Amino acid sequence: MQLTNFTDFGLRALIYLGSLPEGELTSITVVTETFDVSRNHMVKIINKLGQEGYVKTIRGKNGGICLGKPADQIIIGDVIRAIEPLQVVNCAPEFCHITPACRLKGALAKAKQAFLDELDKHTIQDMLTDNSELLILLKRI
């Protein structure tokens with residue numbers, strides 16, 4: 001299953017925010033530059049993650065962004081469910097005339113569930129714990 005760029009960069013942003021010392025704020029600009037993505041795209045991603053409670057945004061002169069909850073409470077499968085469309089194929093009868101007899105939809109649904117079940121075992125903290133190489137890369141970029 002391939003994730004959209006929106007979800008890919010959303011997960012990267014959460015990992016980056018999780019790598020910061022607790023309570024430290026950063027800016028969308030810093031996250032944008034870290035991952036070489038357009039600012040407009042990252043603003044949309046951060047807004048969605050904020051709506052879902054994964055990112056806290058603080059406005060004003062001393063404002064910025066940080067994780068909205070502890071990294072060990074942000075389950076990757078939940079993040080994907082919240083921001084990814086997750087429609088593997090379009091099985092509406094008006095788009096596919098074999099839908100009434102097709103078994104592919106069921107197989108794909110099981111595969112999608114297995115994908116999410118695996119990601120439900122991992123948190124943002126899991127991506128950071130004992131991963132000094134990642135932390136070095138995030139600081140160096």
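In case you wondered, yes, glycine gets a Cβ from its N, Cα and C as well.
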Annotated range (Swiss-Prot: DNA-binding region) out of 4-27, 28-51, 100-123: 28-51
Spatial neighbours, same chain, of Cys96 ([2Fe-2S] cluster binding site) - Cβ under 8 Å, 6+ residues apart: Val89, Asn90, Cys102
Residues in the domain 'HTH rrf2-type' (2-129) grouped by DSSP into helix, strand and remaining coil: 71 helix, 11 strand, 46 coil
Surrounding CB atoms that lie within 10 Å of the CB of Cys91 ([2Fe-2S] cluster binding site), all protein chains: 16
